[in-house]
Amino acid sequence: MHNFNVFTGEPRKFDPTFKGPIYNRGCTDILCCILFILALLGYFAVGILAWSQGDPRKVIYPTDSKGQFCGQVGSPLEKKPLLFYFNILKCASPLVLLEFQCPTTQICVERCPNKFMTLVKALLKEDDREYYKQFCKEGVDMTKVSSGQERKHFYLEFLHLSNLCVVFFSGLVIAMLVSLIFILLLRCLAGVMVWVMIIMVVIVIGYGIFHCYMQYASLKGQAGSDVTIKDLGLQTDFSVYLQIRQTWLAFMIILCIVEVVIILLLIFLRKRLLIAIALIKEASKAIGHVMSSLFYPLLTFALLSLVIAYWAITAVFLSTSSDPVYKVFNTTECMYSRDTCEPETFNSSNITAECPDAECLFAFYGGETLYHKYLILFQFYNVFLFFWCANFVTALGQVTLAGAFASYYWAFKKPEDIPAFPVFNSLGRALRYHTGSLAFGSLILAIVQIIRVLLEYLDQKLKGAQNKCAKFLLSCLKCCFWCLEKFIKFLNRNAYIMVAIYGKNFCTSAKDAFFLLMRNIVRVAVLDKVTDFLLFLGKLLIVGIVGICSFFFFTGKIKIVEDATPTLNYYWVPILTVVFGAYLIAHGFFSVYAMCVDTLFLCFCEDLERNDGSSDKPFFMSPELHQILSIEKNAEETDLIPAKTKQCHFVRICANVFENCVHFMPNVIILWCRLAKNKN
């Protein structure tokens, strides 16, 4: 007990009977398992109730801001089957999770826009004015609209759904193939691929800097290109910003800073990179012996898709019950925000006088029955169970992979002692014994996430408030709960590894994992996190490759097949969509590597505490992993500064550099823009 510390706990002792993941284990956190099952039964009951009360027509047909059905046979909008969003970016608001309604004007249209046009240009010609009018709200007099209202009347170009789906699907397939090829090469040539990855990331960012400079130089002398971002104001049409030089200058400066930071990190961490590469090599061997682990993300993806689909369908049916309810939506501060309103009398009310940009839009379907009184609780329960189930699926994947890779590590003779079907056996143990523990960890994370959604909801409600103290307090709470969510995710991940190995309950596993990490805090900072940084560079490389290819394709600079490139005025929408999808796919594949590295790292630390490498207490680690330990010890002994002091100095230097960059970046951009403008 003399080694016990309140912050680090007591180190593990030698146990000759310990041979890896314990098979003779019992069920853990049974109460939480029962609670999770009851919650799921309640979730199914809410779904059945919503489906019985909801109107299927409101699901099949899109609904405009007035609650009218688009394209319904026999209605005035029969020939307008498509729904057009004035500002689709507002649909990314967290409020959509609770209200399930995008806070922007929506109208039914006969066809999607096929060309870009501003209001100023539309007013010049009669034909353009008539074309523009079909995408405005009913009753708008185009001749009386001032140019200052141009920002309210804009739209993005849309592709036909079939073409967009084909292009999008092709981009995701390419991302999947690149990720799979990269993972296979990383398994065979880990050391070479890591260095190639580092060099390629530097080259890709360097190309981004070069492209930004060329765009910046090409806009020199063009009309309107010297307008500043501040003068332009907030525009949801991103292509407008690409027509001014300051945007490309800002992009170039940001990429230069990112490039310099990455190069500095590589220089300062050059010794640790060798150790991290050795750990990735060991992870590649583990994945090579447990190849089925590469396909497990497909099961996670399928389960998450099922959870998302059930949540979305239930939310739609909950929001389409009974009569339409209209609420006030606005973009600036307004005391009437989200209040109930009537579209017929809204324009003559005092709300429009006090809040000029406020609009009375369709919000959801409601009523006065007992069901409708508790409808908001049903929606809240739907969101909460969505978070809980999604976190549970993620936790199931983590504990399954951890158990499989732990079976590899604690096999004394590799691969002879590795059990058959390690992934399948680990999945069976997780579901049979630890459903309660997974539900417990997922519940804690879901509570924090639902609090963050409620804070966002309150933030939207307080937009019209003048209390600066309340806004500041709310911002602090949002920041604190964001940090808390990140910490809980980190702790849960390591707790699930301990659950997979020892079969204990969640709280005990979380405590053991935390103490083990605290006893090896230096290794966590300089070894495990450096490895995570290298894996992040791998995801960045794949996303960069797919992003550059999609950019050249959608801009028409490369043509695989004649007439295969769609004509676009706003090509950034499909590019960003493909890039986002590519990141999700790359993250899915690399999550296997990340889980393998984290599991091997914890097992590595446990092995060092239990054994000393003697004949009586031999290491379970491979000779290559033992070499990592030797390299690490030599690196610490040859340096003049102790490891902890070095780490503190490095962290302090990086923090100071980052703080100064953030502080001076706006000033640097403004100064550079002024110098460039004066030069012109």
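Just so you know, glycine gets a Cβ as well, placed from its N, Cα and C.
Of the given residue ranges 81-105, 431-455, 481-505, TrEMBL assigns the label transmembrane segment to 431-455.
Cβ atoms under 8 Å from those of the transmembrane segment (294-318) belong to residues 46-47, 50-51, 53-54, 58-59, 100, 180, 183, 287, 375, 378-379, 382-383, 385-386, 389-390, 393-394, 396-397, 400-401, 423, 588-589, 591-592 of the same chain, restricted to positions at least 6 beyond its ends. The transmembrane segment (28-51) makes no contact with the transmembrane segment (533-556), as judged by fewer than three Cβ pairs under 8 Å among residues 6 or more apart in sequence. In this chain, the transmembrane segment (533-556) touches the transmembrane segment (192-210); three or more CB pairs sit within less than 8 A of each other, excluding pairs fewer than 6 residues apart.
Counting same-chain residues at least six beyond the ends of the transmembrane segment (431-455), those with a Cβ under 8 angstroms from any Cβ of the stretch are 25-36, 94, 97-98, 380, 383-384, 387-389, 391-392, 394-396, 399, 474, 477-478, 481-482, 484-485, 488-489, 492, 495-496, 499, 503, 505-507, 509-510.
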